[in-house]
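Trainee: Okay, handing you the structure first.
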Amino acid sequence: MSVLDAWQQRLDDARTDRQRQHRWRTRQALARDTLDFAGNDYLGLAHDPRVSEAQAEGARRFGAGAGASHLVSGHLDVHDALEEALASWTGRQRALLFSTGYMANIGVLQALADSHTAIFQDRLNHASLLDGATLSGARSRRYHHRNMNDLENLLKRSDSVHKLVISDGVFSMDGHIADIGALVTVSQRHNAWLMIDDAHGVGILGDEGSGCVGSTWRSDDVPVLVGTLGKALGTAGAFVAGDAALIDHLIQFSRSYIYTTAQPPAIANATLKALEIVQQEPEHRAHLNANIAYFRHEALHLGLSLSDSSTPIQPLILADESRTLRWAAQLREQGIHVGAIRPPTVPKGEARLRITLSARHQHEDIDRLLAALHDCQQQESL
Ligand SMILES: *Cc1c(COP(=O)(O)O)cnc(C)c1O
């Protein structure tokens with residue numbers, strides 16, 4: 001076999017394997033009139049004209065891109081202003097911007113952990129946290145989802161001096177909120193640092209939308225806080241918030257911070273506007289919460305098996321992968337987009353429709369979704 005054939009064979013095998021498991025992923029350009037129940041624009045800020053205008057104005061003022069990394073010449077006043085605003089919002093000394101949440105998690109773990117570090121993660125943590133731990137070379141253990149006894153047992157058995165417990169704040173595929181208080185207690189009892197990735201909590205939960213950690217837990221309790229800007233804040237990028245010593249350390253040692261072009265300043269300008277709206281206009285959160293309550297009430301009435309979630313993430317567990325694809329396709333025919341989430345993103349046997357709600361949705365939109373879900377149910381019972 002030639003080298004070329006060998007590579008061809010490898011790609012073909014991987015494809016055949018994935019397709020046989022109904023796990024082949026495809027992208028779909030979203031038609032403009034599609035009702036989107038899959039995205040993470042929970043407050044509608046990605047479509048708020050004030051945020052778009054701040055982005056346009058930022059581009060006119062600072063240019064289309066940063067032109068260099070933060071440590072070279074890409075770091076502008078607008079980045080400083082955003083970092084200060086994020087730090088004050090989350091009650092931390094400092095914050096540091098990253099280009100994406102994925103890069104923030106990789107960068108934090110690589111800068112904090114090495115082969116002498118022991119990392120303990122919830123089994124359902126986001127892929128970027130799992131990848132970050134692997135890349136750091138740390139000794140990694142995963143505890144059962146939100147199971148503090150399991151975590152405690154693993155911590156007890158560790159003789160590492162540097163222990164790091166990591167959890168999503170809001171679990172991205174389940175909508176569950178982590179018990180931060182319990183994580184703080186267990187971590188402190190075993191001299192471990194606690195890192196929370198609140199990608200789906202910031203903007204939604206807590207005082208002024210500062211998340212499930214934000215103003216409630218101080219950096220003594222949760223020393224490492226990660227938030228992302230591409231979800232409820234409607235723009236793009238991420239931040240790490242904590243004490244000055246942590247942030248200084250990341251600026252020195254976090255390779256995914258150092259060796260990449262700075263966040264476009266126009267995005268930073270738009271994010272400042274989005275943050276101002278999140279802090280000053282609680283009505284968007286109120287509308288979102290009313291939508292969540294309405295959807296749950298009606299869906300449970302239809303007998304749909306929703307998971308126990310009070311967040312905008314409302315998964316409908318269908319278990320079987322081909323069934324999940326069938327329902328998603330049927331919804332799409334009716335102009336409704338939901339996420340069809342299959343392993344390896346979720347555990348085997350737990351394929352689901354990931355339905356997300358937003359303050360952009362009106363009651364009529366939710367009624368359309370419910371009617372379409374009801375149609376799927378009816379077809380199955382034929
Ligand atoms: C989306 C997400 C990320 C990645 O953030 P991006 O900015 O999209 O790269 C990280 N962690 C969690 C928990 C997420 O849900």
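Using N, Cα and C of the backbone, Cβ positions are placed for all residues, glycine too.
Under the heading substrate binding site, TrEMBL lists ARG25, HIS126, THR345. Positions annotated as domain 'Aminotransferase class I/classII large' by TrEMBL: 33-373. As annotated by TrEMBL, pyridoxal 5'-phosphate binding site applies to GLY101, TYR102, SER172, HIS200, THR228. TrEMBL lists LYS231 with the feature N6-(pyridoxal phosphate)lysine.
Show me how these features fit into the shown structure, please.
Mentor: Under the three-state DSSP scheme, THR345 (substrate binding site) falls in the coil class. Other Cβ atoms within 10 Å of the Cβ of THR345 (substrate binding site) number 17 in total over all chains.
Looking at the domain 'Aminotransferase class I/classII large' (33-373) alone, the prediction's average pLDDT is 97.
The Cβ of SER172 (pyridoxal 5'-phosphate binding site) lies under 8 Å from the Cβ of HIS126, ALA199, HIS200, ILE313, each of which sits 6+ residues away along the same chain. According to DSSP, SER172 (pyridoxal 5'-phosphate binding site) is assigned to coil rather than to any helix or strand.
Its Cβ placed at the centre, LYS231 (N6-(pyridoxal phosphate)lysine) has 29 other Cβ atoms within 10 Å. In this structure, LYS231 (N6-(pyridoxal phosphate)lysine) belongs to neither helix nor strand by DSSP; it is coil.
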Trainee: Tell me, how many other CB atoms lie within 10 A of the CB of HIS126 (substrate binding site), whichever protein chain they belong to?
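Mentor: Cβ-Cβ neighbours of HIS126 (substrate binding site) within 10 Å number 25.
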Trainee: Excluding GLY101, TYR102, SER172, HIS200, THR228 themselves, which residues in that chain have a Cβ inside 8 Å of the centre of the Cβ atoms defining the pyridoxal 5'-phosphate site?
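Mentor: Counting only non-site residues, the set is HIS126, SER128, ASP197, ALA199, GLY230, LYS231, ALA238.
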Trainee: Quick one: of the binding-site residues ARG25, SER172, THR345, flag those whose CB is under 6 Å from ligand 1, and say none if nothing qualifies.
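Mentor: Checking each Cβ against ligand 1, the ones under 6 Å are SER172.
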Trainee: Please compare the binding-site residues ARG25, HIS200 by how many other CB atoms fall within 10 Å of each one's CB, and tell me which has the fewest.
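Mentor: So among ARG25, HIS200, the binding-site residues given, the one with the fewest Cβ atoms within 10 Å is ARG25.
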